[in-house]
Amino acid sequence: MNSKAIISVFLIMLVVVSCTQATYETEDDDEPGPRHSEKRSCARGCGGDSDCPCPGWHCPSPGGRCEP
């Protein structure tokens, strides 16, 4: 095999693996509310309610994490 064939096989495998992981992350969403990945991005460190990007989330204490 030449180097172009090796590189293209590697890239195809990379795309397949990343698509498979994305499918698994969205399929296990059986609880109501934001998806798990959205919850991770909503639960960020905060210094006040204005630091929480998701609607309805608040900052319980400065230096804490946003909560629903």
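Using N, Cα and C of the backbone, Cβ positions are placed for all residues, glycine too.
Of the listed cysteines CYS19, CYS52, Swiss-Prot assigns the disulfide bond with CYS66 to CYS52.
For CYS54, the cysteine that Swiss-Prot lists as its disulphide partner among CYS19, CYS42 is CYS42.
Around the Cβ of CYS52 (disulfide bond), the number of neighbouring Cβ atoms within 10 Å comes to 19. Geometry remark: CYS54 (disulfide bond) versus CYS46 (disulfide bond), CA distance 12 Å.
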